[in-house]
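Student: Got a structure here, written out as structure tokens. Questions coming.
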Amino acid sequence: MGLLSDPVRRRALARIVLRLNTPLCVLSYVAGIAWFLALAFPPLTQRTYMSENAMGSTMVEEQFVGGDRARSFARDFAAHRKKPGALPVAWLERSMRSVGLEVYTQSFSRKLPFPDETHERYMVSGTNVYGILRAPRSASTESLVLTVPCGPDATNSQAVGLLLALAAHFRGQIYWAKDIIFLVTDHDLLGTEAWLEAYHDINVTGIQSSPLQGRAGAIQAAVALELSSDVVTSLDVTVEGLNGQLPNLDLLNLFQTFCQKGGLLCTLQGKLQPQDWTSLEGPLQGLQTLLLMVLRQASGRPHGPHGLFLRYGVEALTLRGINSFRQYKYDLATVGKALEGMFRKLNHLLERLHQSFFFYLLPALSRFVSIGLYMPATGFLLLVLGLKALELWMQLHQAGVNPEEAGKAPSPGTPLLPTQGVGLASLTAPLLISQAMGLALYFLPVLGQHLATQHFPVAEAEAVVLTLLAIYVAGLALPHNTHRVVNSQVPDRGWMALKLVALIYLALQLGCIALLNFSLGFLLAATMVPAAALAKPHGPRTLYAALLVVTSPAVTLFGSLFLWRELLEVPLSLAEGWQLFLTALAQGVLEHYTYGALLFPILALGLYPCWLLFWNVLFWK
């Protein structure tokens, strides 16, 4: 306390902070980026290991030999699904009853806020079919789920056939201690969400559905299966769920263990695992996989049916069969054995998966980065905002500091005069107008879509996207509006106070986002922090304005799409990137209203108004 109360010591501290602030900010930002890039290199990346004792060994004998039966079921399912987009409910009921399951159906309907042009649907109605295999050795207190999504674009026939063949095989075993639910959902994720809401007796997305007539125990784990052919060259696992949630790492370890036992090739993000981590090639390949995971997790989308289970505290994975040009191929029997082994191990669980990590990054299936090792990367970036805020606070408490002299230290003999206060009224206008623009960006595109279609020759989805872009660009005129209301006798102190508030606001937002979804928080911090630190109404304003625009949330999304496709080795042209950007905007809004994805409200109600504050600072008059 003596350091802050003594004027001489406080003046010395102010000199140090003002003199070293810029070098410390640069060093902190570089350290944050370097720390993130180093996550794919040992020792920051560690080998995965099984933490749950009940799943620590693969000493189970898989007996599934129903590959031919699975193919027969798949052919029958495809034959009965003659009408595109229609699920053969009656055939599924008969087939599930024939293998000894309790069979139930659930109808659901959903009117989307605007037409989904990607899947060509607006008024959605469908029927889910599920069968329950009751555990012969216990009461129905716990259960496992094997689910297959069926959408209008792909029938997923082989996955349905394998599900029915596994149900027939499981029915003949007596060692099950948990109920097993075999679920076939209509309309992909919409059917999955409808079933989950009905199973847990809640309604969070507005889907109208019939109540479930049959239930099993509390769901402990779930596996979603997607197969496009009778043979696969590899199984790709997807872990990223809604709003960046991840399943317990032990479930992923279990999948990898049984793939290795059965000789199945398993991939992550479509990438093979690096074999040599001692050379530079292995970590660099792991860095590509890690970046792909970061980009997918940051989107907040449910990248498979498993992503919706995670919201309900159910550990889940989505497995996709890949049939490429590789020489070695595996049939449905091999895939079925891996699934049988996983379910038999999950059957041993005495409690929910909780021993291993829930927050991690994956440079490979056999390597992970824990939360304690990746969070410092974001911490270094947020330190830049804290240092700049401290610098502004000290400048505001020094009398007679001009913007040109902000970086200069005062002479030792200069007394500290009473501080000229900056009234909160001078900051109220830009803060309120910025937040009002965020509210308009959040509400108007969906509310005004019908009005836009009446006056302009556009479809509803196009109207939503164009309204989004129009409101976003209209925010650039914000400084001209706020300056008419701001009346400060000391204009330099006005923009410094506004920037101080904006820096604290941005740091709090990014810190909270990073705790919930590290990937999103890091990407936003890596892009927004430099422009936020440099924004001021003096100096090369054109350069600062260009930097602010390039690092705005919308342009960050645009650039992330190019980076994502580049990492997938499917580069985009500028026209293709723009079209994909418009589609991503529409899907982001749609997934918020349909599934509760939070990326759109975070950007519209939080980061966009904050970005407008820095834009206001830049053009302060």
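The backbone N, Cα and C atoms fix where each Cβ goes, glycine too.
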Student: Looking at Asn203, Asn517, which one is marked N-linked glycosylation site in Swiss-Prot?
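Tutor: My reading of Swiss-Prot gives Asn203.
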Student: Is Glu462 placed by Swiss-Prot on the same side of the membrane that Thr238 is on?
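Tutor: Same side, per Swiss-Prot.
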Student: Please compute the mean pLDDT of the model over the topological domain 'Cytoplasmic' (484-495).
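Tutor: A mean pLDDT of 62 is what the predicted model shows over the topological domain 'Cytoplasmic' (484-495).
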Student: Using a Cβ-Cβ cut-off under 8 angstroms and a sequence gap of six or more, which residues of the chain neighbour Cys266 (disulfide bond)?
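Tutor: Same-chain residues close to Cys266 (disulfide bond) (Cβ under 8 Å, separated by 6 or more) are Ser234, Leu235, Asp236, Val237, Phe255, Gln256, Cys259, Gln260, Gln273, Leu365.
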Student: Between the stretches 371-393, 426-450, 598-619, which one has more Cβ pairs under 8 Å with the transmembrane segment (520-536) than any other?
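Tutor: Highest pair count goes to 371-393.
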Student: Counting only CB pairs under 8 A, let me know which of 371-393, 426-450, 598-619 has the most with the transmembrane segment (496-519).
Tutor: 371-393
Student: Would you mind listing, in sequence order, the residues at least six apart from Gln355 (Mg(2+) binding site) in the same chain with a Cβ closer than 8 Å to its Cβ?
Tutor: Ser51, Glu52, Asn53, Asn248, Asp250
Student: Helix, strand or coil by DSSP: which one applies to Cys266 (disulfide bond)?
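Tutor: The three-state answer is strand.
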Student: Provide the three-state secondary structure of Cys259 (disulfide bond) computed with DSSP.
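Tutor: In three-state terms, Cys259 (disulfide bond) counts as helix.
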